[in-house]
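Heads up: the structure comes next, in structure tokens.
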Amino acid sequence: MLKKLGLIATCIFVYGGVSLAQVEITPTRPEFVVANAASRDGQDLSGSWSYSIDPYRDGLYGFHGSPSGYGHQRFAPQDVDIATRRAPSALFEYDMARSPRVTLPSSWTNHAPEMRHYEGLVWYSRTFEAKKKRGERSFIRVGAANYTARVYLNGELAGTHEGGFTPFTFEVTDLVKSGENNVTIGVDSQRTDKSVPPPVTDWETYGGITRPVQFITTPETFIDDAWVRLDPDNRHIRVTVRLDGPKAASQPIQLSIEELGIDLREETNADGIWTAVFPAPERLVRWSPENPKLYDVTITAGEDDLAERIGFRTISVEGEDILLNGKPVYLRGISMHEEELGRDPSRVMTEAAARALLTEIKDGLNGNFVRLAHYPHSESTVRLADEMGLLVWSEIPVYWRIDWEDEGTLDAARAMLAENILRDRNRASVILWSVANETPVSEARNIFLNTLIDDVRELDDTRLVTAALLTSQSDQGDGEVARVDDPLVTSLDVMAVNTYNGWYGNVPLAEVHEISWLSDHGKPMIFSEYGAGAQAGFHEVKNPRKFTEEYQAEYYRQTLAMADRVPFLRGMSPWILKDFRSPRRQHPIYQQGWNRKGLISETGERKEAFDILAAYYRTMTETSDETSTE
Ligand code: GCB
């Protein structure tokens, strides 16, 4: 249920040199943003839900493809037992109320042993009490459901959504009733060659409802979107607020930041939008990893108000430097997946679980940066990064083998991008939006990714755009040379490359430090990935081979020595903080279904390489002047 705003541009793009397609250049926006949704009135529907698997999608279609029949509709709110007592010949082949119960949010991987590798449709259902009030609107918001979802309230379809990592909200004002309500969500983890990401990745799919479901109530006219940020000129604060509802136009509106003595009162325009620019007060403290200062911001419009905690900072590029608040910054980072510590994770990324991982980065590694790979992580993780002082790389799962020629695929990617940016553009920690990971160059791919880059620039002109690229490498007599020769670089602010010499490829580990890097782009580069696998506790000191801690440690020494020789390198997010589940990694001794490139094991045990990176970053903090707070 996505509303496409704006005009269809008249640009004609050539797809793959064959077909002509008209691409809408105005970004696809979700119908509702519901800024700071967690702070909204209503009910958190996290907790106990019943579930029923449906691998043949029997709840949706009969066996000849027609809509499902009465006895199959998992979304119908009836009590099957009572119905069959009343009509003894009625046949029901489900009973949601008597199905097993589980606690959401969580992927279904841990619901039962037989769910561990399940892919397909699962129905979830629960009831909640509501009281309908005149002049009040109601919504169901899902933080994330992987990969497609259908939401029903009291048996009626409220909406459908594609994309496993971004929030979606459906209005249910007309469907909700006073008393008991039934909400049923069908989540289908099945992906196709046209989905984003495609079925083949290097991580666990984690199908299911992995972030909170909320029942939200708002006044008839409410503040749907509010974006408050420091202008790139570093001297002004800019505000954009969008109201939704019958009284959105010409509505008195107020913004206050008490600590800064800011109290603005104006009116929305005819479209329900208020934009303002005003000088940043002298005493404004800039947000930075060293001083992650957040301000309480309140917006009031009619009967609605919205509270936010917002940090103010600038991020820009000058030549080969990345500037935070006008000063060069080196990104001392690491990558992470959304997977909690423990032997049996199921993507239950509570705040405590995220804090445990981010603390390892901030305090353990002396880091100031995290790459949240390979899809948008939960909003609470990004808010935590704001609070703890970690710069964030945020990305959408445009990964490996995307169908570059399919318009539906492009639409899906654009929708995910917009949902991600609109959710997180108030977070000072987010400095980089990434549009892709390791995508081979082709004409169709360049067009696809340039459309996404244009969208980013349209939705957010205060951050940098990047993508994790592949590079070419050769030895033409004077040593191994790696080149950043992807034509996409022209459109990016920061070049990012994934490089695995010494783990993949033919360069011997001992020679990795000699590799040279060439770029004539005059832009900053970061190593968005490099890494080697090691099983925690597996040692071979004399002749270390792959998967020993010693090999991984030497890999880090070699790669860091190489990094020291790259004149335009401005940061790194090695692969990866923690061992993570990946069905493609099946060495029976070293991997057992885990990608072992973590610097800590799945239970948090630090490997030798952890200390090498931590020491490298510590030295950097000791030698650099890091007081970018003004
Ligand atoms: C990559 C991918 C990442 C993989 C990693 C690996 O380049 O971007 O998703 O997990 O390599 O471990 O091979």
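Using the three backbone atoms N, Cα and C, a Cβ is placed for every residue, glycine included.
What TrEMBL lists as signal peptide is 1-21.
The domain 'Glycosyl hydrolases family 2 sugar binding' annotation in TrEMBL covers 101-219. When averaged over the domain 'Glycosyl hydrolases family 2 sugar binding' (101-219), pLDDT in the model lands at 98.
Annotation comment: TrEMBL describes 221-313 as domain 'Glycoside hydrolase family 2 immunoglobulin-like beta-sandwich'.
As annotated by TrEMBL, domain 'Glycoside hydrolase family 2 catalytic' applies to 316-564.
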Using DSSP, how many residues in the domain 'Glycoside hydrolase family 2 immunoglobulin-like beta-sandwich' (221-313) fall into helix, strand and coil? 3 helix, 51 strand, 39 coil
Could you put numbers on the helix, strand and coil content of the domain 'Glycosyl hydrolases family 2 sugar binding' (101-219), residue by residue per DSSP? 6 helix, 61 strand, 52 coil
